[in-house]
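Asker: Here it is: the structure, laid out below.
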Amino acid sequence: MEAASPAGPSVPQPYAPGAAGALGSLLRGLKGQLFTWNILKTIALGQMLSLCICGTAITSQFLAEKYKVNTPMLQSFINYCLLFLFYTVTLAFQSGSDNLLSILKRKWWKYVLLGLADVEANYLIVRAYQYTTLTSVQLLDCFGIPVLMALSWFILYARYRATHFIAVAVCLLGVGTMVGADILAGREDNSGSNVLIGDILVLLGASLYAVSNVCEEYVVKKLSRQEFLGMVGLFGTVISGIQLLIVEYKDIAGIPWDWKIALLFVAFALSMFCLYSFMPLVIKVTSATSVNLGILTADLYSLFFGLFLFGYKFSGLYILSFTVIMVGFVLYCSTPTRTAEPADSDVPPVTSIGIDNLGLKLEENLPETHSAAL
């Protein structure tokens, strides 16, 4: 064989290993960014919240379908009472500015509005099922996510990147897939008596949820989790108790109480209490928006349990929907947002990295020097 001339043209083979190495480094970097410990922990916490919501949905459906008990305000009232007994009483024994009376003197009216928004958001969404269809509720309930992002922009000074908007679009695509699976599986019903009223109730409820979640993120990150839950427990108990006497006293009087119904009420209250107790912990290390994206899978968990408990029909689109939502959720969590605190804010300036997805930002700063060197 004739040897290649040293002066001959260069061949591309020597560059192939370098290109492959660069591609491998890119894939490893992408894997390291998307599947860090903090992101995996956030996913696990988000799905724990989804399971709590699933527990409230299943117990409510058992009460409504098997025992003909439809008392959403009573169920919420029990949850607020638990929050009051656990967190509000704890605040009463705090000292200094964290004491219950001190908080009430300074900002009682703010927490009245917060409690009203939280109570009515729960009530409006449940009441909407009497007027509109399951599909409308599932789709329009997602209206709360763009409202939440807008409120976070103006109130929390969150600044989003293109990745966040793409991730939200992916999650909403997953919800659309889930709704399509519901229709194909025969879960869509047209029994709504007034679809327009029902749709308006869903939009109002979703907007109030967004208001409540933004306030929760503000209080949890800048004040304390105990203060938020204690104030919600106090004013939620008062407001839901008054509304309970007005709108549900006849329904409550007609409940055929036995140990099974009582057990379902207890299961609902515990699921709701766990949801309220754990959500601030997740919001503190992520954001209200990422939490709301993560709990989009709650309906899917309810559907999976419904296959065995209520005889739902299975569709492969449910698995596809779950996968799409989780991809969008991971994509959103993989990119930290920025914040733009105003100059006169009493919050320490964090304009370069913000306070959203705090755990991710700590990881983000570590490899900066190494990446620059590479």
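Don't overthink the numbers, they just go from 1 along the chain as shown.
Using the three backbone atoms N, Cα and C, a Cβ is placed for every residue, glycine included.
Unlike curated records, TrEMBL annotations are generated automatically.
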Asker: If I go by TrEMBL, the feature transmembrane segment sits on one of 111-130, 291-310. Which?
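Answerer: From TrEMBL, the annotated transmembrane segment range turns out to be 291-310.
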Asker: If we skip the immediate neighbours and take only residues 6+ beyond the ends of the transmembrane segment (165-184), which ones have a Cβ under 8 Å from one of its Cβ atoms?
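Answerer: Hits for the transmembrane segment (165-184): 134-135, 138-139, 142, 145-146, 149, 289, 293, 296, 299-300, 303, 315, 317-318, 320-329, 331-332, 335.
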Asker: Check the transmembrane segment (43-64) against each of 76-96, 228-247, 291-310 and return whichever range has the most CB pairs under 8 Å.
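Answerer: It is 291-310 that shares the most Cβ pairs under 8 Å with the transmembrane segment (43-64).
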Asker: Residues sitting near the transmembrane segment (291-310): Cβ under 8 Å, six or more positions beyond its termini, same chain?
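Answerer: Same-chain residues near the transmembrane segment (291-310) but 6 or more away: 42-43, 45-47, 49-51, 53-54, 57-58, 61-62, 65, 138, 142, 144-145, 148, 167-168, 171, 174-175, 178, 182, 213, 279, 282-283, 318, 321-322, 325-326, 328-329, 332.
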